[in-house]
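In TrEMBL this protein carries:
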type: DOMAIN; residues: 1-442; note: domain 'Major facilitator superfamily (MFS) profile'
type: TRANSMEM; residues: 24-44; note: transmembrane segment
type: TRANSMEM; residues: 50-71; note: transmembrane segment
type: TRANSMEM; residues: 83-105; note: transmembrane segment
type: TRANSMEM; residues: 111-133; note: transmembrane segment
type: TRANSMEM; residues: 199-222; note: transmembrane segment
type: TRANSMEM; residues: 237-260; note: transmembrane segment
type: TRANSMEM; residues: 267-286; note: transmembrane segment
type: TRANSMEM; residues: 376-402; note: transmembrane segment
Amino acid sequence: MAVAGAIIGAAVGGWMNDRFGRRMAILIADFLFFIGAVVMASAPNPALLIVGRVFVGLGVGMASMTSPLYISEASPAKIRGALVSTNGFLITGGQFLSYLINLAFTNAPGTWRWMLGIAGLPALLQFILMLLLPESPRWLFRKGREEEAKVILRKIYPADDVEKEIQDLKESVEAEIREEGSAKINMMKLLKTKTVRRGLIAGVGLQVFQQFVGINTVMYYSPTIVQLAGFASNKTALLLSLVTAGLNALGSIVSIYFIDRTGRKKLLLISLFGVAISLGLLAGVFHETTSHSPMVSRIQTSHFSNYTCPDYSSATNPGAWDCMKCLKASSPDCGFCALPTDKLLPGACLLSNDTVKDLCHDESRLWYTRGCPSKYGWLALVGLALYIIFFSPGMGTAPWIVNSEIYPLRFRGVCGGIAATANWISNLIVAQSFLSLTEAIG
């Protein structure tokens, strides 16, 4: 529901940016997010919790396309890319911080209320600080408020450069107004204007591919992926997810350094090449893990005689069963209890429930329900780490930078909103399909 709200927020945000300005759009996003956090923290039932999620989503969607746009228009050209990358770093750094904060709240009374409610504080802080910041000078020029824009530009640029910047901005805006005429913006006009159409193909394409290379699958489900690679412990999986979030933040710092030196296109190509190699490595590791999983032992299974997996008991050829086949049993679900001496030796195929899990753990054995024991599990972690390291500096930040720069000023808010909406729709498709695909094809 949060992602669905973000789709609407991004779509409305584009129109709001052009109508009321970048600063006002961020203030509204902060307000919506704060209300959502308060509603979630105080929710007496699931329905109100979902309403809170929608409000938070609206705020996130609106801010996701407005923030890079505001930063790019209110910063000096030579460090513009680095500053928009900094926005990406603060997002990924914030994700890492949120993991730590939630970890701290796991032992607090009313655990989830604190986790959801505390998210309102950054929104409130940003709302207050945004009141002290100016509007985008480009947007002010566009609205004919030239004197206000000049005052802001004089604060941004050194005295030697400021007059040239004012003149360039003025000429740019006047040229766009002459070229576009006074017709209202609509979808047909966007598609008929060649520069805008080509910009949208590039901008929307980058946002869609950013999601379809699977980043949010990794961020949302990294504990699950770690378990699929053969790490049984929930705690281990969560701790390794912290590493994933940390590497994502580190990659954003790399982007700040290289984005204005290397250029957007080269960084994107390097990023995509590395992502493809990393995903290939991950696919290979998972193939090895599933095709060489430990066998199921009749002797080990009979050790837990009252809890044998029903599908295994009724199998015509139980000798062919391995761990993967045991985990795929679904009426009811079954799990694999590995030997304490060597998890790769034949183990027991048992019913999957908390009682059996505790019995398995009581004998110092490992209990597997998602993935099977494997000697290649560490290679999956390497693949996951490489994926994040390659993704974050390029595909992680560059699509937002490109979308904040590529469109003519008059269409920038609307087109940025369209691109951000495409990003969130793709995000929703990936998030909703991943577990179903895992069930269907392994």
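Note: Cβ is positioned from N, Cα and C throughout, glycine not excepted.
Whatever TrEMBL says is automated annotation, not expert-curated.
Not measured: the values here are computed from a predicted model.
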Check your understanding: Sequence gap of 6 or more, Cβ distance under 8 Å, 3 or more pairs: do the transmembrane segment (24-44) and the transmembrane segment (376-402) meet that?
Key -> no
Practice item. Go through 83-105, 111-133, 199-222, 237-260, 376-402 and flag the stretch with the largest number of C-beta pairs under 8 Å relative to the transmembrane segment (267-286). Key: 376-402
**Study point:** Recorded stretch, among 50-71, 111-133, 376-402, maximising Cβ pairs under 8 Å relative to the transmembrane segment (83-105)
**Key:** 376-402
Check your understanding: Are there three or more C-beta pairs under 8 angstroms joining the transmembrane segment (376-402) and the transmembrane segment (199-222), sequence spacing 6 or more?
Key -> yes
Check your understanding: By Cβ distance under 8 Å, which residues at least 6 away from the ends of the transmembrane segment (376-402) in the same chain are close to it?
Key -> 68, 72, 80-81, 84-85, 87-89, 92, 202-203, 206-207, 209-210, 213, 215, 218, 222, 225-226, 228-231, 240, 243-244, 247-252, 254-255, 258-259, 264, 267-275, 277-279, 281-282, 285-286, 288-289, 419, 423
**Study point:** For the transmembrane segment (50-71), sequence-distant contacts whose Cβ falls under 8 Å of one of its Cβ atoms, 6 or more beyond its ends
**Key:** 1-14, 16-17, 22-23, 25-26, 28-41, 43, 80, 83-84, 86-87, 116, 119, 123, 136, 400-401, 403-404, 412-413, 416-417, 419-421, 423-424
Review point. What else in the chain is close to the transmembrane segment (237-260), if you only count residues 6 or more beyond its ends and a Cβ gap under 8 Å?
Key: 78-82, 84-86, 88-89, 91-93, 95-96, 99-100, 103, 218-219, 222-224, 226-227, 231, 267, 381, 384-385, 388-394, 396-398, 401
